[in-house]
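Engineer: Got a structure for you, written out below as structure tokens; questions coming shortly.
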Amino acid sequence: NETKVMYFILLGFPTTAEQQLLLFSALLLAYLLTVLENFLIILTIRNNHSLQKPMYFFLGNLSFLEIWYVSVIEPKMIVDVLSHDKRISFQGCMTQLHFFVTFVCTEYVLLAVMACDRFVAICKPLRYPLIMNHRFCAQLIAACWMCGLTTSSIKLSFIARLSFCDVDKINHYFCDISPLLNISCSDSSLAELVDFILALLVIMVPLCTVVASYICILFTVLKIPSSQ
């Protein structure tokens with residue numbers, strides 16, 4: 001008998017009453033420091049004219065991404081540590097999952113773009129200002145976000161179709177794909193396949209790009225005469 005699940009229960013961290021306050025303080029401190037650190041990086045880059053370069057432009061976007069990345073997960077997680085009501089609505093769960101996957105995938109692609117930027121700067125130094133102009137950098141950032149949004153939308157379209165029966169407990173501290181697939185009472189093989197293929201692409205393509213970029217950088221540096 002299938003019933004439509006209206007909410008999920010995030011089991012989170014198994015802690016005793018004595019540990020809850022300590023865990024709450026640690027998580028809150030980590031969250032505030034993460035947001036503050038990345039905010040200061042963005043502020044420093046924007047206010048320092050000597051940092052108006054592609055490398056710092058990408059770094060500022062990475063910090064912006066990190067702020068939203070942790071803000072999707074940690075506030076709810078921190079509240080659940082002390083709260084007895086660990087419920088999250090089905091719509092809220094899907095929303096959290098959508099933004100989480102978007103930010104993760106965008107970050108992977110952005111890291112590959114940052115590696116390519118260093119490749120051009122070191123291996124093609126004379127052409128670097130011409131290639132990595134402001135317009136092209138903005139287009140690269142837009143492409144990163146488009147990859148993240150597209151990947152997330154495809155994954156979510158398959159996850160949202162699944163049926164969830166009597167099991168409404170998610171053995172995790174936020175709505176992630178694997179825990180949702182585990183509690184689904186419908187055939188999730190297609191959703192698992194799509195998730196695997198997209199995850200493989202999103203991880204392996206940026207990883208290969210980063211590795212290839214730094215191998216080229218290494219060979220370029222090794223060719224430089226020792227006197228230079």
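The count begins at 1 with the first shown residue.
Each Cβ is built from the backbone N, Cα and C atoms, and glycine gets one as well.
I grabbed these lines from TrEMBL:
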| type | residues | note |
| --- | --- | --- |
| DOMAIN | 37-228 | domain 'G-protein coupled receptors family 1 profile' |
| TRANSMEM | 20-43 | transmembrane segment |
| TRANSMEM | 55-73 | transmembrane segment |
| TRANSMEM | 97-116 | transmembrane segment |
| TRANSMEM | 136-154 | transmembrane segment |
| TRANSMEM | 196-222 | transmembrane segment |
Engineer: State, in range form, which of 20-43, 97-116, 136-154, 196-222 has the highest count of Cβ pairs under 8 Å to the transmembrane segment (55-73).
Structural biologist: 97-116
Engineer: Residues sitting near the transmembrane segment (136-154): Cβ under 8 Å, six or more positions beyond its termini, same chain?
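Structural biologist: For the transmembrane segment (136-154), the nonlocal Cβ contacts are 54, 57-58, 61, 98-99, 101-107, 109-110, 113, 194, 198, 202.
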Engineer: Averaged over the whole of the domain 'G-protein coupled receptors family 1 profile' (37-228), what is the pLDDT?
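Structural biologist: Per the prediction, mean pLDDT sits at 90 for the domain 'G-protein coupled receptors family 1 profile' (37-228).
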Engineer: The transmembrane segment (97-116): which same-chain residues, six or more beyond its ends, come within Cβ distance under 8 Å?
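Structural biologist: Sequence-distant neighbours of the transmembrane segment (97-116): 55, 58-59, 61-62, 65-66, 68-69, 72-73, 140-141, 143-145, 147-149, 151-153, 155-156, 159, 174-177, 180, 202-203, 205-207, 209-210, 213-214.
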